[in-house]
């Protein structure tokens, strides 16, 4: 007997393809046929190399078998989870949220570390442009002028700055977690859309799915960049742009290996 496929129009199954096929033993036995249903799993964007079982893997064709729980449903899934951090669905959902949020902060932070130095090197009077030195200006006699302009924000108390940061960032994070704030409600806490997408970049589902991947790829790079900026600040005492300029001027003596050897015992 030929297997049959049908779509149920009941509201409970609306939009889901259901495969109804008899088991072989049932056909060959008494001739009685029992129908089995198989609900198709949701797939990623059609033709996208970043989603689904055939997506790009972390080592390309040498990646091996991916864990069963990494199905390529979510952006940034390259099938790599050696430590099993994503095995638990709740932990996986939480880690996805943390990664996206930290990626966005890292991208903003990396821009904030680099941009003032670029402006200062191109003749813009910026006060202290190096990111880790700028904040310490608040301990000077004159305090800290935002953007080097005393008419904007003239900060003189580190406690006042700390309290302001806690209040403002606490409010923003509270709105994000609750999914409700001055800009309205959000159905998706990670990708709220609406007022947060004034250019309508997420209107097309295919383009939106690809933008999610691009955001995570750039965010992961930004997190590594911020870590590198921290290490540079400790080791060289200079900002990222100045370190880059020194390396380009003398790559032999200004590189990670040369600075690492300075910490060899007895040197």
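Glycine too: its Cβ is placed from the backbone N, Cα and C atoms.
In Swiss-Prot, the entry for phosphothreonine among 38, 71, 91 corresponds to 38. The chlorophyll a 1 site recorded in Swiss-Prot includes 86, 99, 220, and the single candidate from 80, 131 that the record places there is 80. Looking up 36, 94 in Swiss-Prot, the residue bearing an annotation of N2-acetylarginine is 36. Check Swiss-Prot against the ranges 197-200, 201-204, 205-208 and you find motif 'Required for interaction with CAO/cpSRP43' recorded for 197-200.
Within the chain carrying the region 'Interaction with LTD' (221-224), a Cβ under 8 angstroms from the stretch's Cβ atoms is held by residues 102-103, 106-107, 109-110, all 6 or more beyond its ends. When Cα-Cα distances from residue 232 (chlorophyll a 5 binding site) are compared across the binding-site residues 80, 153, 176, 256, the shortest belongs to 256. If you measure from the Cα atom of residue 102 (chlorophyll a 2 binding site) to that of residue 165 (chlorophyll b 4 binding site), you get 17 Å. Under DSSP, residue 183 (chlorophyll b 2 binding site) is assigned to coil, being neither helix nor strand in the three-state scheme. For residue 263 (chlorophyll b 5 binding site), the nearest neighbour among the listed binding-site residues (137, 165, 218), judged by C-alpha distance, is 137.
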